[in-house]
Amino acid sequence: MNLLTILTNLAQTMLSTVTDVIPIAVIIFGFQFAVIRQPVPNIGKVLTGFVWVVVGLTFFLVGLERALFPLGKLMAQQLTDPVFIAGGEALNAVKQAITLSWQDYGWVYLFAFLIGFSTTIAEPSLIAVAIKANQVSGGAIGIWGLRISVALGVAIGISLGCYRIVVGDPIHWYIIAGYVVVVIQTLFAPKLIIPLAYDSGGVTTSTVTVPLVAALGLGLAETVPGRSPLIDGFGLIAFASLFPMMSVMAYAQLSQWYAQRKRPEAAQS
Amino acid sequence: MLGSIRDLAPIIAVIVFFQLVIIQQPLPNVLELLVGVLFVLLGLTFFIHGLEQGLFPIGETMAHAFAKKGSVFWLLVFAFALGFGTTVAEPALIAVAAEAAEVAASGNMIAADEAAKASYASGLRFTVALSVGLAIVLGVFRILKGWPIQYLIIGGYVLVVILTLFAPVEIIGIAYDSGGVTTSTITVPLVTALGVGLASSIKGRNPMIDGFGLIALASLTPMMFVMVYGMVML
């Protein structure tokens, strides 16, 4: 590691972040000037805000690329390696001779759960939506309550997705069953939370989660006998988008139930 | 900054625990790792700051301005441009489209040469971008009309399930995944601010009930469009 490579790395990432922002800025300012035709209030503050976003994303991405992604990929490889899974004594056995059942992948599921949870907590898009939801609900929806329930959803989704890759079930049965659960929950969940719960599915999987989770899925599909990385490696992100909907609605249902149970008690005392 | 440290602590804890306790190997390149973590910390701190200074306010002012101007046509054009423009440039989507082209080529559904793969991948990207553009238009229209979101989403699910029955097996995993990757870090705050801003400046709309839901639609339509693309192209 030397300073020069870090600096060129930063400069390149900055350049590509700027290229990502340019179409957005063109659309926003194009409409602002051509259609709305009104000056933007606090234009200076907004522009500095944009600069902070670009600088922030640049550092964030370079840091991920240099430290977390390589490590995450390495760990996914090590954990899914049949030799590691079968334990040290199998080292001498011929690789093809090792037969593993789905229970042997316990550490993989645990890793999937924890990595799903922790990357979602650090997900910038989710932080943004949680801040907004907290403002709009006047504090009724806690930033941390939302972030933790979404993170739990992603964690469960990814470990289940890993199990699916290991056993090789077709993905659509899981997704369709998930949809049925979401629809049933929608009937019973507090109305206020429904749109937010649906949104939480989409925001969870971006900058931090996608690359790490994709590495895990591909690693598993490559090493589990009989799986094709191209067909079975996909689908983890879909799981990570589906389960937060359920967990956020469940969170709202639980807190509603808890509040209802508490109220009569409070009235008595 | 303190907040960012708290956000990242779980990732560090998981990695250190697994590396040292389960895999039992020393951490490679500790120094590089520390610098990387420091960068991620700084980045997250700056990003959140910029979000509150820049992206949230501009999203909301534009929503208010459109609501005051009362031009539904231009609002919908803006919604489409925002959805399409931000998705077509999305790096995660570019990566997924390239992978999808590989799958299609290895399944002998398209020719295995570079030109065929490139045209398949860019076709997929435009398909997804188009679907996100239409999703944001539909979502904004829903906010204007005050329709409950669950009927749109459930209807969408039914369509996804029906399409799954007819789509080629190879495209299904990718189609499902492409729903998740479309909404990027910069788009999400902007779209959220737009939805909430619109819902709070139109009479009779509740920002909590009507303001959210745009991202959900933007995650749903790409699944359908990609499966249709798979059926038409393959």
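Placement of Cβ uses the backbone N, Cα and C atoms for every residue, glycine included.
Predicted automatically and left uncurated, TrEMBL annotations should be read as such.
Listed in TrEMBL for this protein:
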TRANSMEM  B:7-27  transmembrane segment
TRANSMEM  B:33-51  transmembrane segment
TRANSMEM  B:72-98  transmembrane segment
TRANSMEM  B:118-144  transmembrane segment
TRANSMEM  B:151-175  transmembrane segment
TRANSMEM  B:181-199  transmembrane segment
TRANSMEM  B:211-232  transmembrane segment
>> Same chain only, please: residues at least 6 beyond the ends of the transmembrane segment (B:151-175) with a C-beta under 8 Å from a C-beta of the stretch. Say none if there are none.
In response: 96, 99-100, 103-104, 107, 109, 138, 142, 216-217, 220-224, 226-231, 234
> Do any residues of this chain, six or more beyond the ends of the transmembrane segment (B:72-98), have a C-beta under 8 angstroms from a C-beta of it, and if so which?
Replying inline: 62, 66, 117, 121-122, 124-126, 128-130, 132-137, 139-141, 144, 174, 177-178, 181-182, 184, 186-187, 190-191, 194, 218
>> Applying the under-8 angstroms CB criterion, which one of B:7-27, B:33-51, B:181-199, B:211-232 scores highest with the transmembrane segment (B:118-144)?
In response: B:211-232
